[in-house]
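Taken from TrEMBL as is:
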DOMAIN    254-333  domain 'Potassium channel'
REGION    1-26  region 'Disordered'
TRANSMEM  65-85  transmembrane segment
TRANSMEM  105-124  transmembrane segment
TRANSMEM  186-205  transmembrane segment
TRANSMEM  243-262  transmembrane segment
TRANSMEM  282-299  transmembrane segment
TRANSMEM  311-332  transmembrane segment
Amino acid sequence: MKGRTGGLTAKMNNQNQNRRQQENDQLVRKADQNKISLAEIFMANSQQLGGLEDGKVTKMYFHKFLFMEQVCFAFNLMGLGISVIQYDLEYEEFYNDDPMKDISLWLLWLVFVSSCLLVFLTVYRYQAHIEWMKSRKSMAPGDQIWHTDDWLPMLIELAVYCIIPLPFTKGIRVNFYNSIQGSEAYYHVNEILSLIMICRVIYLYRTLLTLTFWYNNRTQRVCNLYACESNYMFVAKSLLRTMPYTALFIALISLICIFGYAVRICERPLSRNDSTSNNLGVFQNALWNIIITITTVGYGDFYTRTDLGRFVIFIVCVLGIFVVSVMVVTLIESLKVTSLEGHAITVLERVALREKLKHEAALVIILTAKAALGYKNGTLTRKQHHQLIVRLKQTLINFKMTHRQHKTKQDENSLNEEITNQFSLLKNDFKQLMERQQVLISTNNLIYQKLGFDNNKSIVNI
């Protein structure tokens with residue numbers, strides 16, 4: 001009987017292997033005929049290919065999106081760095097025969113070319129994000145960018161990338177009258193465009209949030225499990241919860257540098273007329289102005305005098321209120337006592353109250369003995385006896401209060417210990433139940449193997 005059962009089992013296994021091999025060959029021939037990608041085969045026929053999960057395909061699309069995000073970050077950062085160098089060169093207004101003027105022009109062309117490439121890469125980045133969402137079944141297979149809510153952020157991002165200092169506007173001036181200085185000054189058009197170009201920094205922050213642990217394929221699945229949205233705000237909240245001081249320090253330092261550079265661009269034209277007083281064209285002075293503004297101090301030793309500079313300082317004031325508020329909340333949260341710390345404090349309070357209770361009890365006994373001996377021997381005067389009785393009454397009151405406090409702390413600790421013990425018992429019961437279930441599953445698997453059935457198919461049929 002055992003020999004017949006073993007032969008039947010071997011025959012069934014051979015038939016299953018032959019069937020899987022035929023299905024794999026059909027999938028390969030189908031791919032050659034229809035010219036479809038390997039990822040599409042995996043998604044449509046994951047079970048026939050040996051149980052490949054859709055999560056692996058989703059992870060592949062996520063890494064593609066992450067690569068495009070990093071490429072856009074590199075081109076964006078390169079464009080910003082070149083524009084900073086070009087701004088200083090154009091501000092100096094070199095003569096026509098000076099080679100630095102040609103370098104400034106070449107830098108403008110380099111910013112222009114890198115921005116054009118960045119525009120195309122950004123479109124491809126949004127397309128990679130859509131493919132990732134499709135692989136996660138968050139979007140329909142036929143959806144395009146204009147069918148989603150990403151089309152408006154994409155257009156805004158492309159518009160921001162298109163505002164750059166251009167070779168065609170080099171040397172063009174915009175004159176204005178400054179009432180505080182009492183004279184005329186001028187901006188270069190490319191200086192104003194460089195000021196607007198600083199808005200690109202927002203997308204640098206976005207990339208940094210994308211590269212953290214809190215924005216990946218696994219995070220999306222967990223957030224869907226708990227019915228919450230996994231976006232960049234979720235990443236920022238996670239960072240403020242797990243590493244609040246590091247996140248706030250990086251944000252504060254970067255904002256000081258960025259807005260210091262913006263104030264320098266806005267106020268530097270006034271230094272062409274007078275560079276001796278309140279010169280925010282010097283980067284160190286601009287940084288100091290931002291520091292005392294963003295921390296809501298405001299000494300007034302340096303202040304902005306142009307309309308653009310005042311607009312930038314207004315933004316800094318709003319951000320300063322937000323940053324200081326978040327720092328205060330973070331400090332308060334870090335000073336809160338945890339449950340384990342609270343338990344330790346309660347135990348130490350009980351120890352201190354027990355020592356105090358011993359001291360009060362000993363004092364009551366001593367005072368009682370003095371009063372009794374003095375009354376028996378007649379060594380105490382009426383006044384001394386009265387004072388001793390008053391002191392004994394006060395000591396008894398203190399003893400009762402200390403005893404009540406000690407009993408209250410003991411009851412609180414007993415309640416916490418009881419709750420903890422109940423949870424421990426429930427945990428042990430659940431662990432024993434899981435062990436029994438594993439034993440039952442193992443027994444069923446042995447029975448299926450002896451009968452010669454496939455475990456998965458047998459479980460499904462049952």
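Backbone N, Cα and C define each Cβ position, glycine as well.
Contact counts against the transmembrane segment (282-299), taken as Cβ pairs under 8 Å, peak for 311-332 among the stretches 65-85, 186-205, 311-332. For the domain 'Potassium channel' (254-333), the model's average pLDDT works out to 90.
Tertiary neighbourhood of the transmembrane segment (186-205): same-chain residues 72-73, 76-77, 79-80, 83-84, 86-87, 90-91, 108, 157, 160-161, 163-166, 169-176, 254, 258, 261-262, 265-266, 269, 308, selected by CB-CB distance under 8 Å and a gap of 6+ residues from either end. Outside the transmembrane segment (65-85) by six or more residues, the chain places 107, 110-111, 114-115, 117-118, 121-122, 124-125, 128-129, 131-132, 161, 164-165, 194, 197-198, 200-201, 203-204, 207, 210-211, 261 with a CB less than 8 A from a CB of the stretch. The DSSP breakdown of the domain 'Potassium channel' (254-333), given as helix, strand and coil counts, is 58 helix, 0 strand, 22 coil.
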